[in-house]
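Asker: I am attaching a structure below and will ask some questions about it afterwards.
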Amino acid sequence: MHVVKKQEIFPRDPNKTYSLMAIVDGDSLQVDKDPGDTVSSWPHLVLRELLVFLVVGIAVVAVSLLFNAPLEEPANALHSTNPAKAPWYFVGIQELVSYSAFLGGIVAPAAIVLSLLFLPYLDRNPAGVGVWFAKERRVATSIFTVFVVAMGILIVIGQFLRGPNWTLNLPWH
Amino acid sequence: MSATVYSIRDSIKNLPKNIRSSVLRPVEGTPEQARAAAVFGNVFLHIHPARVHENSLRFGYTLGLGLISFYLFLILAISGTLLMFYYTPSTQLAYHNMKDLEYVVSFGVILRNIHRWSAHAMVAAVFLHMCRVFYTGSYKAPREFNWVVGICLLLMTLFLSFTGYLLPWDQLAFWAITVGSNIAAYAPWIGEKIRFVMLGGNEVGQMALIRFYVLHVALLPVAALVLMGVHFWRIRKDGGLSRPADR
Amino acid sequence: MELNNFGGAATMPDGLDEGRRSFVKKVTATTLALGVGGIALQTGRFLKPNVLYEPARAFKVGDLSIFPIGSRIVIEGRGVEIVRERDGIHAVSLTCTHLGCLVKQVENDPDVAYACPCHGSTFAHKGEVLGGPAPKDLPWYEMYMDHTGALVVDTSKVNRERTKLVV
Ligand code: HEM
Ligand code: FES
């Protein structure tokens, strides 16, 4: 008789995760045993997600009831607003642009985006996954914090300290 | 043969139950099996695995920021679609439409507020989510590519905000886009061409408004949605959320 | 014959139609590349408008008599200022060379004639940059008098020599 060699279509891989795709009749060796440290998604995960949704929804509606979105005069190509500010998340870039349009507007954003895109391929240090501010990653954590704080400072300067004609108005003056 | 015998009376009597079971596809079995079925038998929930690691539930680990970003996107999609019923992308009408939303459309002003504030919040949430992923080292192998997808999502979020900013056609909008498009013109070689194609002309006018509108309501949201699909799919294929090594 | 995972034949008789296969592969790849490249190119062309419904770049600003000697008059909506001095007349662009805001005239200042509200660039009377991030001086545009005697400014032509129109 012709014997078909049994071949594993998907080779066993210790790094794979397995997920439940269907329920079939019959018992398996795993009956009454939980895969360690896991809980069923329903209800543990799904209810928490629902809770987050409620909080987000209520917060958004509450803010919208309290504060109106700004609407200025109709667009007028004859008069620039003074000062003309970008939305807050671009105001940091605008602050850089007010020193040099090319360096601040093209070079700096391109450098930021490119270094973020390549970050996981540059930082190959495998240590410190799954822990906030892992000790093994001090250098990476510090560099990234400098970037975040710098963005924050630029945004605060641009948003709150720049007045008409883009002059610096320190609040204690 | 009794199974095939049915009466119209029984059908009517069992109508609610039959409709319910046809929609929900209930699975009979142990409680554990029923719970699993509740997740993978539902098209909206089957994005989740049947079981998740306890660490993924720790709010202090993710701060829920990715989820919050996604929810804000949903809120924006819904409120934005409603705003489209009253908005015309025309330099003559756009500003008046905004005023109408504010003063004559029922709940128009709230809808507009929801859309505007969620947009601001989404930029913040996505940025903070990126920070959480960085500080927990969650971009390391095998999750490098999902980080890259995430950066693309960050860019999509920023582009969505930028294109939306022009639509009210007020002073804030006009001059912010004038300045923004002139920044693009500083790019070497192709800067001027980028600006021309982006604005559909030499100045911020009708052509620029309709271009930004199409990007804002069609192209960018669809791109963002597709990227989110990839993002979520990759989370599962990369073995669920990152977590500290088992001890 | 062995079967592979997909139920097809795992191996073909060696070398039988390698040539034909690679030919088909090349044709397919070329067609695909041409098609996708062509579509991308045409989409780019499509997005570049051929007709612009914008105001003409050359426009009349009026008769010489509305610009008395010593006056600096802003042409509303055009972003230019007409400066008439004893030795001639010229048109200065009011669009900031930094990022395109409209510069404002500064009154009663011996040096600074224009200031930009957006990022604070300042310009001298002839349009030279004095301070701020602006990389270039405010350009002068070509000016001429047409056959009816009206003054015309052509913003598509920059007057690089900064020559005044003698009238
Ligand atoms: C529209 C924007 C985004 C949405 C809706 C989104 C959504 C999500 C969600 C729901 C999760 C699950 C965990 C959590 O809630 O934190 C997640 C995880 C993740 N996100 Fe995002 N995300 C977005 C942008 C980003 C950005 C900007 C990055 C980074 C550059 C990023 C990188 C990642 C990575 C690497 C994971 C896996 C984290 C882990 O395994 O611990 N995502 N994302
Ligand atoms: S646009 Fe004039 S200084 Fe920036």
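The backbone N, Cα and C atoms fix where each Cβ goes, glycine too.
The domain 'Cytochrome b/b6 N-terminal region profile' annotation in TrEMBL covers B:5-244. Here TrEMBL flags B:61-87, B:117-135, B:147-166, B:172-191, B:212-233 as transmembrane segment.
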Asker: Do any residues of this chain, six or more beyond the ends of the transmembrane segment (B:212-233), have a C-beta under 8 angstroms from a C-beta of it, and if so which?
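Answerer: Cβ under 8 Å, 6 or more out: 47, 70, 73, 77, 80, 84, 89, 146, 149-150, 152-153, 156-157, 159-160, 163-164, 166-167, 177.
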Asker: State the non-local partners of the transmembrane segment (B:117-135) in its own chain: residues 6+ outside its ends, Cβ under 8 Å from one of its Cβ atoms.
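Answerer: For the transmembrane segment (B:117-135), the nonlocal Cβ contacts are 62-63, 65-66, 68-69, 72-73, 75-76, 79, 147, 150-151, 153-154, 157-158, 160-161, 164.
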Asker: Could you pull out which residues elsewhere in the chain have a CB under 8 Å from any CB of the transmembrane segment (B:61-87), counting only those six or more residues past its ends?
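Answerer: Apart from its flanks, the transmembrane segment (B:61-87) reaches 55, 94, 97-98, 100-101, 105, 108, 111-112, 114-115, 118-119, 121-122, 125-126, 128-129, 132, 136, 157, 167, 217, 221, 224, 228, 241, 243.
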Asker: Counting only residues 6+ away from its ends, which parts of the chain sit with a Cβ under 8 Å from the transmembrane segment (B:147-166)?
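Answerer: Residues 69, 119-120, 122-123, 126-127, 129-130, 133, 138-139, 172-174, 176-177, 180, 204, 208-209, 212-213, 215-216, 220-221, 223-224, 227-228, 230-231, 234 contact the transmembrane segment (B:147-166) from elsewhere in the chain.
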Asker: Please compute the mean pLDDT of the model over the domain 'Cytochrome b/b6 N-terminal region profile' (B:5-244).
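Answerer: Averaged over the domain 'Cytochrome b/b6 N-terminal region profile' (B:5-244), per-residue pLDDT gives 92.
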